[in-house]
Amino acid sequence: MAAPIATRNLSLAVCAAVLVAVVVVSLAPVAAANEEGDALMALRRGLEDPDGVLASWDPNLVNPCTWFHVACNDDNRIDRIELANMRLSGPLPAELGKLEQLQYMEMSGNNLQGPIPPELGDLKNLISMDLYNNDISGHLPSTLGNLKSLRFLRIDHNRLTGPIPRELSGLPNLESVDFSSNDLCGTIPTSGPFENVPLSSFSNNPRLKQGPGAYDAHC
């Protein structure tokens, strides 16, 4: 009788393992949605929203894909933030770096303030970062050099200071940049994707200079 009992116990153990695996897989999208919802709520809590455009961002709704001004991919992961020209003011929270599938960050034409969080360098799928026409200040984080999918970087008309990080020269897909109308300094990078960037993309930065000479990040 020992052999049938052992076989039955083994079968029960296998069934239990399969059940646990199914539960873990089924809960994974919910956990991701909760984390992404938390990241967006961190953004909402820090912003002044005079027109109530973020009113649909309800933490009691498990799936943030139902909220206005965000879009999701087929896996119900947030891949777009659409908050351009919404009269929002306040900082960008570090938690935005948790939006692992984000491809488009459209937040231009507001009154966003404070620095660009280094954690945004974790957005490995980001294609476009539009933060122009805000009041963003501080240095550009070197972690933006981790955004290997980035094609468009438009951060003009802010109050950014410091040098343009040399790490950006290693972005293989970067097509269009605009750093104009800030207070950047040092020299304009000319290698990698910057070889064909027009000088107008760096204009109105009185302390930013064009070569010749080695890249200067000390300013």
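Any Cβ shown, glycine's included, is placed from N, Cα and C.
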The annotated region 'Disordered' range in TrEMBL, which must be one of 45-69, 95-119, 145-169, 195-219: 195-219
Mean predicted confidence [pLDDT] for the domain 'Leucine-rich repeat-containing N-terminal plant-type' (34-73): 95
Helix, strand and coil totals (DSSP H, G, I; E, B; other) for the domain 'Leucine-rich repeat-containing N-terminal plant-type' (34-73): 16 helix, 4 strand, 20 coil
